[in-house]
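A.B. asks: I have a structure here, written as structure tokens, and I will follow up with some questions on it.
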Amino acid sequence: MESHSSLSSSSSSSPPSSLSSESCCVKVAVNVRPLIGDEVTQGCRECVSVSPVTPQVQMGTHPFTFDHVYGSNGSPSSLMFEECVAPLVDGLFHGYNATVLAYGQTGSGKTYTMGTGIKDGTKNGLIPQVMSALFNKIDSVKHQMGFQLHVSFIEILKEEVLDLLDSSVPFNRLANGTPGKVVLSKSPVQIRESPNGVITLSGATEVPIATKEEMASCLEQGSLTRATGSTNMNNESSRSHAIFTITLEQMRKISSISVVKDTVDEDMGEEYCCAKLHLVDLAGSERAKRTGSGGVRLKEGIHINRGLLALGNVISALGDEKRRKEGAHVPYRDSKLTRLLQDSLGGNSKTVMIACISPADINAEETLNTLKYANRARNIQNKPVANKDLICSEMQKMRQELQYLQATLCARGATSSEEVQVMREKIMKLESANEELSRELHIYRSKRVTLDYCNIDAQEDGVIFSKDDGLKRGFESMDSDYEMSEATSGGISEDIGAAEEWEHALRQNSMGKELNELSKRLEEKESEMRVCGIGTETIRQHFEKKMMELEKEKRTVQDERDMLLAEVEELAASSDRQAQVARDNHAHKLKALETQILNLKKKQENQVEVLKQKQKSEDAAKRLKTEIQCIKAQKVQLQQKMKQEAEQFRQWKASQEKELLQLKKEGRKTEHERLKLEALNRRQKMVLQRKTEEAAMATKRLKELLEARKSSPHDISVIANGQPPSRQTNEKSLRKWLDNELEVMAKVHQVRFQYEKQIQVRAALAVELTSLRQEMEFPSNSHQEKNGQFRFLSPNTRLERIASLESMLDVSSNALTAMGSQLSEAEEREHSLHAKPRWNHIQSMTDAKYLLQYVFDSTAEARSKIWEKDRDIKEKKEQLNDLLCLLQLTEVQNREILKEKKTREQTVSIALASTSSSYSGSSRSSSKHYGDNNASDDPSSPSSTYHRATKHLKYTGPGIVNISVRESEALLEETRKMKAMKKMGQSGKLWKWKRSHHQWLLQFKWKWQKPWKLSEWIKQNDETTMHVMSKSHHDDEDDHSWNRHSMFQGA
């Protein structure tokens, strides 16, 4: 970036059209990139709207107007180079410096837009297009001037300027395995300022360039060396500011022509100019919480934000018209980035700023800040001038003055105008007389030429000679007259004679040429005529020959016809009588044969009729047999079909019933899921509404505090600068101001916390919406997933859920946009306070001590309250633990009750088992023996259950043996009653036991055995059993209550 030492920006040595120092504003273009995959997955919505008619961007309630807007509904990004950068490339050839600046948050597409990340020969970005346009322009004008190109590529990493084209620094070299630390082989590049105020770089490498491929190689080398890293927002995030500079030097040849006394003097000179094009790719602003950076990445992000803050302060200072008119200080020296861009912002350069933004509402705060900075940059006034050599400009000016003086001298050295007028009149008279004589001479000579041609054609006539002599005499007289006129015309006659001789020679040559051409044409016509005559004779001979051949063939055919006629007549005369005799004999024979043929035909017809009748009877018999067999086969098939259809109907009915049961079951599940989703939807809406209201309240409170903050410092400054107030009033105002500042910071933190929570809520809603849409589009895949929680929902329920989620996403997006706008305004005002120190209005040590004491007291009080809150939290936790213990005890009690309920059900099954034994006709002892034997074999049988239940009732506690004995006697008594009922004819035969839902039921083998009587027996058995077990149940409850009391005391 080191400038040529002989260049100057003076406009006095240049033409006004090319070197005038006219102010021009910085051109600003906005490039809106599309939503990326991660943003779509998180459910982000576009918070930026672009007008398709005017270059205007609307974000919430903030409208912004720029020079160009690309992406979204604006112009396509492919037009960015033609509309923004191509005029800057053309200005390089006129000596104007230019700068293209890409600004925006991390992940907004700055590197992609500029093309500094070029790899593998890709052509994306503005820099490759600049290369192509630059070399195309050079190729078109290289015959008029000479060019020299140099490029340099630097980066600003952690406030250090590094050379990316230094071949001694290896690519991707790391120090101690720590990424992002490049080992330098020499000291960093130093920034210097020349005596004429031009910023230069000491130690930066400038590579001479001859072709576009060499420039692309330098760009690729620097891009590979540039520091990049991975963050949560960008896999290849630029960790430094990069500046790619193209220096164009051109020497133009200048010629000046002067005319002095009929002599031409051409003086050649050279015009030298030099211009630079800076292509700047800034690193993006980032938040550590969003990027998830730490360690080295965190330090890099801090330096990046610090440099961008300094750039924002410079833009604010240059964009404020009031401060610019007052000549306020511009903080260029706060950062090395702003120091290098000093000429680009408010200096000798034509600058285009490209603000790259993300339309996602999750980045609303950063996007609004970018738009605000870009809007301020439009007010920056630059003063570009053409950088041309002063010496060459002075020489050009002197050449112009010399030409003017030469023209003036020629005008003064001429004769007087009257003499010139007289001489012009004489010349005009002589020229008119000369023209008249020349016209007459031309007429006579044309006549003479015509007569000469006539003399050639009529040489045989004798009259020619007399005419020729007369004409000759006339010509001689004309010549004599002409000679006399020549004598009177003075010196002009000699010139006229020479001209006439030259004219005569020309005419003779032209007429000779015409005659030769006519002769050639005549010869050509004659040759064509001869050729035509020869061709006609040949054709006539050919046709005559053909006619003779045809006549000959005609005669031959006639002779053959005559011979044939004669032979036919001779044959007819010689064989008339023999033919008549043979004809009669043949006629008799023919009649006899015809009679025989008729008789044979009649016999044949009779035989054919007989054969037909026989064939018909055989066919009828075969047809009847076939029909019989077909009927039998159809009968068998019909029977089989009836059986199959009956079986199919039975299976179909069973499947339909099974499917109906399954559908009912799924319907119940679907209804249950629907109710759960409705409850979830209501809860989510309530939570979202509550969070939105909290965010709105926090945002409103923050806005009020920010409005109050505007007037608070002003009031304090008035108190400080005016009359000394009372101590009590001053302390009160300071206390109020400090409370307001602390409350603003707390509210900012609260709004930011709500903002992050809202992002998480919106992400969860987006994930659920995405899964629902995927299950709607691909239902076969969703059924196979383990977490297909929505697969039981009906399509209508899913559509309702999708609509509800979309509405909640809209509400969440609007809340995010509002909070992002308020956070942006809060940060902007915080930066303005940083630019103007917060504590400037504290004028005395007494105020500072009072504020310090107040802060100390507030901090001590806050910590005491925190300790009290922690103590309350601990107490609440202890209460919660007690409640959890009670809950566990309640669950244990519920389990005990369930066990008792199961025991009672087993007792009922025991009664059923004893009933079954009485119906089988077995005795009491055999039944007991059967139960004891089978208890060991089948633990799930009713008898084994009876055995375990009896044993359980028998040994559950002291004093229960008699109760179990009485219960056994009651059960046996019931068994005897059931045995008596067996004697009645209405009892059925027991077939088998069937276990269903952990209960033993009885089934009968035949329907006519009336199984409904079993319910009456079971009812009677239950009443008896419950009456016997009531007392035992009360005793058990007393035992359990004692156990619970002891467990609670132990806990």
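Placed from the backbone N, Cα and C atoms, the Cβ positions cover glycine too.
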A.B. asks: Select from 169-203, 414-448, 484-518 the stretch of residues annotated by Swiss-Prot as coiled coil.
C.D. replies: 414-448
A.B. asks: With the cut-off set at 10 Å between Cβ atoms, which of these binding-site residues ends up with the most neighbours? Options: GLY104, GLY107, GLY109.
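C.D. replies: Ranked by Cβ atoms within 10 Å, first place goes to GLY104.
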A.B. asks: Which residues of the same chain, at least 6 positions away in sequence, have a Cβ lying under 8 Å from the Cβ of THR106 (ATP binding site)?
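C.D. replies: THR106 (ATP binding site) has long-range Cβ partners THR231, MET233, ASN234, SER237, ALA283, GLY284, SER285, GLU286, THR291.
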A.B. asks: Tell me, roughly as an integer, the mean pLDDT over the coiled coil (414-448).
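C.D. replies: Summarising the coiled coil (414-448) by its mean pLDDT gives 67.
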A.B. asks: Relative to the Cβ position of LYS110 (ATP binding site), how many further Cβ atoms are located within 10 Å?
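C.D. replies: LYS110 (ATP binding site) is surrounded by 27 other Cβ atoms within 10 Å.
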A.B. asks: When you average the Cβ positions of GLY104, GLN105, THR106, GLY107, SER108, GLY109, LYS110, THR111 for the ATP site, which other residues in that chain have a Cβ within 8 Å of that mean position?
C.D. replies: ASN234, GLY284, CYS356, SER358
A.B. asks: Could you tell me which three-state DSSP class GLY104 (ATP binding site) falls into?
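C.D. replies: Going by the DSSP assignment, GLY104 (ATP binding site) falls within a strand, counted as strand.
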A.B. asks: On the three-state reduction of DSSP, what should I expect for THR111 (ATP binding site)?
C.D. replies: helix
A.B. asks: Taking the Cβ of GLN105 (ATP binding site) as the centre, how many other Cβ atoms fall within a 10 Å radius?
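C.D. replies: Taking every protein chain into account, the count is 22.
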